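Annotation comment: TrEMBL describes 1-23 as signal peptide. Annotated domain 'Fibronectin type-III' per TrEMBL: 9-101, in sequence order. Taken from TrEMBL, the feature domain 'Interferon/interleukin receptor' covers 125-233. The transmembrane segment annotation in TrEMBL covers 242-269.
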């Protein structure tokens, strides 16, 4: 009788390990959308064990649930939904289901899941920093910036779209600039990619930063990442702007060293000449009176 109970207990233990019960699939945690230039990745935790996997379902308020084929029974904790969220203005929610691993079965009808926050590609994706070139006019009083729209992860008819294609006339660019060696900043906003800044001090160097600006979005999402700083050239730059402080200091040291050597050689030569003249006078015979 004891052996029969032990065999039954062993069988139950094996069945539970082969077919986990309802509470044995851990739910996903820390579900987060990460999106820049419409490159949208859904991430979560923890990394699954060999006993379970994750499946991602996404949907709009009025739409059916959909799946990305790369995010079904996966051991990954990230899902690239860039090409799946086709309605840029819609709000999406994603469910991360904890399911048996690929190839395994379960008696469960519904699997534990965790829902993400709502996400709208148009309103929530971050905008990366743009590139630009600057051109100084002949009279040195006007500088023109030529801004390049950052590319996105979106494609249409085989062509990769940029943020101008996505935001259309809602896209503007904010330029922040300052005269070199000055603390006073000025701001200019433009609806085009060619930005002319006039009324500048002739021959002075100015430094510029550019970032995308979308006023229709919420305040915390209106501005994109700031570009790298670019400065125009000054007509008569100081020696410290042309060369580093170390180079200037080394040059000054070498000049002083050279002057010191010249002085030392001159002093030595003068002393030798003086001694030679003195020795010559002492060796001459006295004249008869």
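Cβ from N, Cα, C; glycine included.
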Open item on the list: I'm checking region-level scores; what's the whole-number mean pLDDT for the domain 'Fibronectin type-III' (9-101)?
Closed with: 87
TODO: Please work out the helix, strand and coil residue numbers for the domain 'Fibronectin type-III' (9-101) from the DSSP assignment.
DONE: 16 helix, 37 strand, 40 coil
